[in-house]
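Visitor: Have a look at this one.
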Amino acid sequence: MSVGDPPPGPPDPVQALLGLDRVVHEPVRLALLSLLAGAQEAEFKFLESALGLSKGNLSSHAARLEDAGYIEVRKTFRRKLPVTSYRITDAGRAALGGYWAALREAAPGGS
Amino acid sequence: MTVNLPNPGDHARLQTLTERYARFSASALGLGHLYGAAVLPLTFLLARSEVSAAGLMLWAAAVALGFIGVVRLTRRHYQTLGAVAEWPRTGGGFSWGLLAGVGVGALLAWLAERSGWVTEAFPAFRDLPWSALLALIAAAPAVFRLVDQSHTRTAGLGLLLLGGALVGGRSVFAEPWRGAAQLAVLLGLSLFLVWLALRQHAEARGVAAELREMRARLGLTVTP
């Protein structure tokens with residue numbers, strides 16, 4: 001550090017909040033990632049039941065996460081009926097961890 | 001200006017609840033333990049009775065294969081909110097190793113009996129139910145194949161206990177207290193399995209209920 005530089009201060013909470021990953025920050029998507037982080041794979045029905053969302057709402061949030069590369073979708077058939085399952089990716093896990101780290105930085109005393 | 005930020009504790013709880021739900025959805029037997037609690041003492045008493053070797057063999061094979069049905073029923077029962085796959089745990093290798101060990105052990109015991117050594121050293125085991133044990137060993141690969149890998153450890157232990165109940169039931173001790181002690185141990189195990197079944201069932205219901213409650217705690221839109 002040169003003589004003229006300002007001394008390093010605590011991180012700016014506003015900047016930290018603005019830097020939060022918007023894809024993860026949305027409450028439904030954050031809950032989706034938290035649910036998927038606890039299992040290897042979960043069926044659509046489980047996510048729908050656990051979060052109490054409509055099919056369309058859940059699908060659109062899942063699609064957003066899939067576009068970001070945070071989750072993977074697997075479509076299979078069980079007794080001739082289509083079954084959609086989701087799993088969190090390494091990128092999704094990293095994004096979730098990074099989100100909580102950024103949040104701690106923004107609000108060290110809690111939310 | 002106030003900013004509503006998510007509570008990390010709530011989301012950590014959500015992740016833990018999913019892990020626990022996944023265990024019931026995939027590998028925990030829950031009420032299925034009642035099957036073991038019922039068939040183990042029954043197997044022991046049947047082996048102790050005058051049931052023929054062929055009858056005992058059929059019973060052992062039927063109990064082993066019945067486990068597959070129990071696993072499928074309990075899985076369906078505990079997937080009320082949908083199926084969730086848990087993170088894979090070790091278990092398959094253990095069960096196949098156990099089966100190989102039991103197979104080699106049974107072969108050595110059979111050779112020892114043929115040579116007359118067993119009846120001399122352990123007179124209580126002069127009537128070992130070989131055909132029934134063989135049926136168990138033969139049924140084991142089918143059981144391991146037809147249940148998910150997460151259930152093979154339970155299946156391996158279950159088959160081992162079943163074999164123990166068969167051998168225990170067919171053994172004839174000179175001292176009556178030994179027979180009574182065998183039965184007491186088996187009944188104790190049975191009671192433990194009943195307790196485990198009820199405890200796991202209550203836990204599974206609690207997890208499902210708490211998962212539903214989490215929606216409100218997280219402030220998510222609840223649809224009817």
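Glycine is no exception: its Cβ is also placed from the backbone N, Cα and C atoms.
Caution: TrEMBL annotation is automatic and unverified by curators.
Keep in mind that what you see is a predicted model, and the values were worked out from it rather than measured.
According to TrEMBL, the record shows the following:
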TRANSMEM  B:21-47  transmembrane segment
TRANSMEM  B:53-73  transmembrane segment
TRANSMEM  B:94-112  transmembrane segment
TRANSMEM  B:128-147  transmembrane segment
TRANSMEM  B:154-173  transmembrane segment
TRANSMEM  B:179-198  transmembrane segment
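For the listed features, I'd like the structural context: burial, neighbours, distances.
Guide: Same-chain neighbours of the transmembrane segment (B:21-47): 55-56, 59-60, 63, 66-67, 70-71, 73-75, 77-79, 81-87, 89, 91, 129, 132, 148, 150-151, 154, 158, 161-162, 165-170, 182-183, 186-187, 189-191, 193-194, 196-197, 200-201, 203-204, 207-208, 211, counting only residues six or more beyond its ends whose CB sits under 8 Å from a CB of the stretch.
Away from its own ends, the transmembrane segment (B:128-147) comes close to residues 47, 53-54, 56-61, 64-65, 67-68, 71, 92, 95-96, 99, 102-103, 106, 109-110, 113, 118, 155-156, 159, 162-163, 166-167, 169-171 of its chain (Cβ-Cβ under 8 Å, at least six residues beyond either end).
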Visitor: Against which stretches of its own chain does the transmembrane segment (B:53-73) lie, if we need a Cβ under 8 Å and a gap of at least six residues from its ends?
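Guide: For the transmembrane segment (B:53-73), the list is 29, 32, 35, 39, 43, 46-47, 129-136, 138-140, 142-143, 146-148, 151, 155, 158-159, 162, 166.
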